[in-house]
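These notes are about the structure you will find just below.
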Amino acid sequence: MLFKQQALLRQKLFVLGSLAIGSLLYLVARVGSLDRLQPICPIESRLGPPHLPEQIPLRTLQYKRGLLHEIRKGNATKEQIRLHNLVQQLPRAIIIGVRKGGTRALLEMLNLHPAVVKASQEIHFFDNEQNYARGIDWYREKMPFSFPNQITIEKSPAYFITEEVPERIFKMNSSIKLLIIVREPTTRAVSDYTQVLEGKERKNKTYHKFEKLAIDGNTCEVNIKYKAVRTSIYTKHLERWLKYFPVEQFHIVDGDRLITDPLPELQLVERFLNLPSRISQYNLYFNATRGFYCLRFNIVFNKCLAGSKGRIHPEVDPSVVAKLRKFFHPFNQKFYQITGRTFNWP
Ligand code: A3P
């Protein structure tokens, strides 16, 4: 009996001890991870009104992210929002495209930066007539709460290819920063096709083969009526944007490199946004099961992108791939020339 009691007591002590050690280790690691963050240096005036309040140290922003999270879940009171000076700000940077370029990965990875707050959903304000008619206050209300010296970023890849959007964004903020993430155009077109194909399959519908859509059956030439092909002619779309914004207001992200080695691409974006460099290798780890980099916010919170990102593409007839690559080549050259960024696309 006594032996049984002693064993029980030992078991209890063991559980309590493990809990205490676990908590201690967690606290030490967490403080350690927060200590890595240095005070923020001022975000340049181009990113916001010159009367920005005193910069909040990153450590505070990190801590306050918890509060932002609560607000998103609807758990914060109006009083808390007022007390913490939280606001719904119009975006100071937008990821305007390109669809299937890696827009979600880019947004999520930038959101690792303590001075960046993402709009989780694609808002489709500027490309959707019904939404646009709702006015700018509707758009602002779709934005997440943030601290005044944070920047809000949204992504809606349809903006890049929609005729009316550049003028509309210009009217909202002519000095906004515009991010475009691109991939090798043929791969992007196949990725675009794969997404549509999956949608059809989910609804038990049949769909044409990629080759049939991408090549005109009568002329045997590339079918420029096919949207996935048109979207990949980056220079055509960019030229429309350049009627409103100078080229310096755009930053081109290499979507292929964001897959294989994201950090250098993110550091270039930080620089473009005039943000201090805060995203580090610690925040990104390669997940062999997913075959992609995933995000580590801190010791307890990490995540990979949804399974709909990183689909397996169908095999495409090599002669069609070659035809498409030849077709895109001159457009790519022009794109390199305009943007000053060269890619090794075939
Ligand atoms: P695939 O599904 O063709 O592989 P978007 O978010 O604009 O729709 O882009 C989707 C693409 O993002 C995916 O295309 C995938 O290759 C790419 N991507 C880049 N980084 C990724 C990451 N860390 N996790 C998952 N997908 C990523």
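Cβ atoms here come from the backbone N, Cα and C positions, even for glycine.
Curation does not apply to TrEMBL; its annotations are automatic.
A coil conformation is recorded for LYS100 (active site, for sulfotransferase activity) in the three-state DSSP classification, outside any helix or strand. Among the features that TrEMBL reports, active site, for sulfotransferase activity is placed at LYS100.
Around ARG104 (3'-phosphoadenylyl sulfate binding site), a 10 Å sphere centred on its CB holds 18 further CB atoms from the protein chains shown. What TrEMBL records for LYS100, GLY101, GLY102, THR103, ARG104, ARG183, SER191, TYR293, LYS309, GLY310, ARG311, ILE312, HIS313 is 3'-phosphoadenylyl sulfate binding site.
Taken from TrEMBL, the feature disulfide bond applies to CYS294-CYS304. Secondary structure from DSSP puts CYS294 (disulfide bond) in a beta strand.
What TrEMBL lists as domain 'Sulfotransferase' is 91-335.
Here TrEMBL flags 12-29 as transmembrane segment.
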Problem set entry | LYS100 (active site, for sulfotransferase activity) as reference: those recorded positions from SER191, CYS294, CYS304, HIS313 with C-alpha within 10 Å of it | SER191
Exercise. How big is the 3'-phosphoadenylyl sulfate site in terms of the longest C-alpha to C-alpha distance among LYS100, GLY101, GLY102, THR103, ARG104, ARG183, SER191, TYR293, LYS309, GLY310, ARG311, ILE312, HIS313, in angstrom?
Worked result: 19
Exercise. Can you name the residues of this chain that are 6 or more positions from SER191 (3'-phosphoadenylyl sulfate binding site) yet have a C-beta less than 8 Å from its C-beta?
Worked result: LYS100, ARG183, ARG311, HIS313
Seminar exercise, completed: Fewest neighbouring Cβ atoms within 10 Å among the recorded positions LYS100, LYS309, HIS313 goes to HIS313
Problem set entry | Per-region confidence, the domain 'Sulfotransferase' (91-335) (mean pLDDT, whole number) | 97
